[in-house]
Amino acid sequence: MTQTKDGTNTVTLTDNRTGKQVTMPILDGKVGPSVIDIRKLYAETGCFTYDPGFTSTGSCESQITYIDGDEGVLLHRGYSIDELAAQSTFPEVCFLLLNGHLPTAAESTEFDSILRRHSMVHEQLTKFYTGFRRDAHPMAIMCGVVGALSAFYHDSTDINDPVERKIAAHRLIAKMPTIAAMAYKYSVGQPFMYPRNDLSYAENFLYMTFGTPCEPYKVNPVLAKAMDKIFILHADHEQNASTSTVRLAGSSGANPFACIAAGIASLWGPAHGGANEAVLKMLEEIGSVDRIPECVRRAKDKNDNFRLMGFGHRVYKNYDPRAQVMRQACHEVLGELGIKDEPLLDIAMELERIALTDEYFIEKKLYPNVDFYSGIILKAMGFPTSMFTVLFALARTVGWISQWKEMIEDPVQKIGRPRQLYTGETKRTFVPLAERG
Ligand code: CMC
């Protein structure tokens, strides 16, 4: 690394085949690792970079979320996740992520009112649900229905119009609880519940999910608070797989509803948002505390592809700060519901204890992540396992749309188009079917 006269740090690479040197600037963020600006690398060397899984690649400049994985720090627009979870509300965090500052009292009231007034979905959208089998996974329904929003809200699909971009963001955040609750209602064969404007965001979601037209549904304030906290904990997480998917889809100019549907698809996988569902299945399969050593042994066995779900993270090499808050919330919810004996919680706590003292997990810096405790809370609240990732998608929508908006407004933004290291056949002559051996 060297420094130029104007104070710019640079790094110089030498191609030992040709002796040619290329000097690239090092860019500094406000905090966190610096990046080597390789934009001219191909033009100057004829080489691409090779980084499967993007473990060393920064794909964009962003001002939304900062993670220090070694210290276990997560900041949204500079505010720490534990402070936001303890003192803020999900709509306020949505405003923060979208606009860059915490809302004033007037902005908060206005934003809250916008979300309440956009919560209903086009009536014809209900027909989409009936096209699915009753036993469809709700994430499959979410991919389809959210993608279909672009066919209903034509007046907010012009990505070049800032007003339309804003309306699309508000619509997505406001309608997601309704769409998610409808996916649940369809699976249990109950009528869809229309949103109620007198309820808060989290209350409304619980009402639409667990209420029925037959009797009044009283939202438990402790559960509504926990739901709100769970939404805050999942709101954004920098350039993870689903967010990068949203950005990549959006880089071609696709409309925001289609981009969010792409994000939902990416989130579904068990290595990402699908882990909360996988954790609960794993805890149920373990079944009792005495079977934990067997499960830990399998997780460490190189020849067994079993992994401890809810453990490990690409960025955190410390306890995931969201998991700390989730663990606390888990105890609060179980306490409120009077659940004194939850075998799955006993298994989770013992598993965590053993894993955190095991050489393999210590050496590889594998700590519980956000998904480790969320399933136990959601199960206690009455959600079926298949809805867990849907709740993640609901909450992450604000992160996706904020990142999408930031990308569209970034002047250096261009269509995302990675290259490859080709190792396939070189040009060969076509062999007619009759001559193939
Ligand atoms: N159990 C056992 N071993 C593990 C685990 C685990 N959960 N996670 C990583 N390892 C091992 C892995 O085998 C590898 O060992 P080695 O170096 O000997 O090959 C080493 O740790 C590094 O793992 P990696 O797969 O190279 O790391 P990654 O950054 O590519 O993967 C991860 C990160 C989250 C996909 C992975 O830790 C994992 O599969 N965890 C379980 C799934 C999970 O809980 N996902 C939720 C992530 S948090 C919510 C979200 O962001 O969606």
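Start at 1 and count along the chain as shown; that gives each residue its number.
Glycine is treated like the rest: Cβ placed from N, Cα and C.
Copied over from TrEMBL, here are the features:
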ACT_SITE  His313  active site
ACT_SITE  Asp371  active site
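When Cβ atoms from all protein chains are considered, those within 10 Å of His313 (active site) total 22, not counting its own. Counting only the Cα atoms, the space from Asp371 (active site) to His313 (active site) is about 11 angstrom.
DSSP assigns Asp371 (active site) to a helix. Its Cβ placed at the centre, Asp371 (active site) has 29 other Cβ atoms within 10 Å.
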